[in-house]
Amino acid sequence: MTVETKPSNTSDSNQEAEPDQLLDDEGNKNPPVKKTSSRTGLKVFLAALSFSYFSKALCGTIMKSSITQIERRFSLTSSVAGFVDGSFEMGNLLVIAFVSYFGAKLHRPKIIAVGSFTMALGCFLSAMPHFFMGYYKYETTSHTDASASSNSSINPCSLHQDVNDTVLEVSQADCEKEPSSYMWIYILLGNMLRGIGETPITPLGISYLDDFAKEENVPMYVGCLHTIAMLGPMFGFLLGSLCAKLYVDIGFVDPGSITITPQDSRWVGAWWLGFVIGGVLSLLSAIPFCFLPKSLKKPEGAKKDKASHGLLENMGAMGNKLSPEKTKPRKLSLMLKDFYNSLKKVLGNRMYFTFLCCSLLQFSSFIGFVTYKPKYMEQQYGQSTSKSNFLIGVTSLPPVSLGIFLGGLIMKKYKMGIIAATKFSITMSFLSYVMGLLHFFVGCDNHMVAGMTVSYEGNPIPYHNNSLFSECNSHCKCSSNVWDPVCGANGITYVSACLAGCDTSVGHGKNTIFHNCRCLEISSSWTGNNSATLGQCPKSDDCSRNFIYYTVIQVIGGFFYALGATPSFILTFRCVQPELKALAVGLFTLTMRMLAGIPAPVYFGAAIDRTCLKWGSTSCGKRGACRLYDSNANRYVYLGLGALLRGPSFLVAIIFYALIKKHFQNKNSGPVENGQEDAAVNKEDNCKIKERLPGSPDAENESSI
């Protein structure tokens, strides 16, 4: 290894000199990089990293926006779908320690390129099941009528009377050949592979910028990266909206034969298309990194600082050559001992540990809320998956981006110290929490489904007293497992045309109309015609108005939450000793992923499953995805679980604020013990107050408000 230092007797800034005997042939083999090429290389790296940030954020959002589609396509419960979603964090955790430690020692741009290629492979693997599963077969009573003419008349009551042993044997044979039962595992593996590929992008990318960019430019570069990264979720939800509007087998199935619409709980959009597009973008983002150098020319100001450090490293390497067998075991033991002591210091820091517990509760609530937000909008307000994703991308993300930007701007403008930042972060989070509680009051009532939420006469019935059979449909011998809803002219939804007691049907596909439905006649307040159309009845106008209120509350609450995000991130490493910052941030990330990112979608999904009123069924007769939820129970479970997690976090936050205030106020009022710190204080502005942690050799300059 050679170490370059800038000689004091030359005015040529582009020439490098070697210390005494360390000069060798390598200096001639590797001439200094020109300044212009260094600037160009840094710009290319920043552009490539920005595109990589965008593609990884977009791929992650596609998974979130497709979770409902995947649940329906593979007949999964919400808890299993949540487990699939959490597999990304599992993949990330598998390699995060390895990448963080060894990645910086290797060719960082090429490691990032490998990560992007791996991300692309994960996206393609997630989309692969679509091409091997055959066409999507949703449960319906009218498959046999798909080829019927529009003038034909079919009796829905007779469809279930001619089922014989031959049909049952054919159905059983189809079930044995059906490969889709466990195809969702490929999505899980693809999502895990995507988590592995995404791991090196942020730590290695930021460290590369920090090493080869001017120190004053690094914050601006990081800000640009995060700004561009915020565009990823926005475009991801818009792409998810477009894909959800397209039928899953688009191009291969006649649209006229499809009897369901995007508003139907059986509808599955082209979920696979988003993964294919995300995989292509990830593949393109990997290409520029393959041609970038391992290192660029270091900034002028950093040469003198890093030269002596490099010389010490060189001398250390020479010492290792003398007695490698003795020094390596000693170094390993010292490294492990140092890691243990550092970990003990971090976890023994009451401020950090309290902040960690508070953040864990907040993040668990946030992850569960975001994962099932599109599903909640569909089930609670009767919105389609496409419209739900579109509204999230258009209304929720821009205020969050603005809030994050303004949060950092406010911190800079008012020169917030750690005490003020803590107070500001807790206040904004609490305001967001209060706004979120208003969601409980803007929900919608249950769908009026005969035999499930209301009686056939139209009166509300308790959950445990539901019954799909009545005198009006007793002559039909209907199946209770099929979910093929029809909307009666009286505004009540029936599980199927057969259970509505309909005798005839006219039309084809989505335009089918059922007539002479006996169950409409017994409705206590209905005197109109007795016809029904395919699909569930829409929710009331009051529900549409409440959805607008929900959206407004969500926008304001998200803005408040984002305002406190930047100060909260700063607190992650401000409440520990400076030399332990990296370990504190790494431990924080590890804890959030392991204890929140993985389990939260699972137990949120399990709680949501408990509110299901009607489960779908597969062609094999097994339980499929949920078709109808109890809207009231779903609202209380989904919002209540998030509120129960976030509520206690504010009690922990108060304790954290008390610890922060007690510690730093005492340090501000007390004398500074370290002479070096006195010098540092004199060197800084007189208006800045030194805030110092116990045992730390350095200190951070914070102003008080």
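Just so you know, glycine gets a Cβ as well, placed from its N, Cα and C.
Nobody curates TrEMBL annotations by hand; they come from automatic prediction.
The annotation compositional bias 'Polar residues' is assigned in TrEMBL to 1-14. The annotation compositional bias 'Acidic residues' is assigned in TrEMBL to 15-25. Look at TrEMBL and you will find 680-693 tagged as compositional bias 'Basic and acidic residues'. Feature annotation from TrEMBL assigns domain 'Major facilitator superfamily (MFS) profile' to 45-665. What TrEMBL lists as domain 'Kazal-like' is 466-521. Annotation source TrEMBL lists region 'Disordered' at 1-37, 671-705. Annotated transmembrane segment per TrEMBL: 44-63, 83-104, 111-132, 221-248, 268-292, 351-370, 390-411, 418-442, 547-571, 583-604, 637-660, in sequence order.
When each of 83-104, 221-248, 351-370, 418-442, 637-660 is checked for Cβ pairs under 8 Å to the transmembrane segment (583-604), 351-370 comes out on top. Residues 49, 52, 55-56, 59, 63, 74, 91, 99, 103, 179-180, 183-184, 186-187, 189-201, 204-205, 248, 271-273, 275-276, 278-280, 282-283, 285-287, 289-290 of the same chain, all 6+ positions outside the transmembrane segment (111-132), place their C-beta atoms under 8 angstroms from a C-beta of that stretch. A contact links the transmembrane segment (44-63) to the transmembrane segment (268-292), because at least 3 Cβ pairs that are 6 or more residues apart lie under 8 A. Between the transmembrane segment (390-411) and the transmembrane segment (637-660) there are fewer than 3 Cβ pairs closer than 8 Å, counting only pairs 6 or more residues apart in sequence, which means the two stretches are not in contact. Long-range Cβ contacts of the transmembrane segment (221-248) within its own chain (Cβ-Cβ under 8 Å, at least 6 residues beyond either end) map to 46, 49-50, 53-62, 64-66, 69, 73, 130, 136, 205-206, 209, 213, 255, 258, 262, 267-274, 277-278, 384-390, 392-394, 397-398, 400-401, 404-405, 408. Taking Cβ pairs closer than 8 Å, the transmembrane segment (547-571) reaches residues 355, 359, 377, 381, 383, 391, 395-396, 399-404, 406-408, 410-411, 416, 418, 421-422, 424-429, 431-432, 435-436, 438-439, 442, 444 in its own chain, all 6 or more past its ends. Here the domain 'Kazal-like' (466-521) is broken down by DSSP into helix, strand and coil counts: 10 helix, 11 strand, 35 coil.
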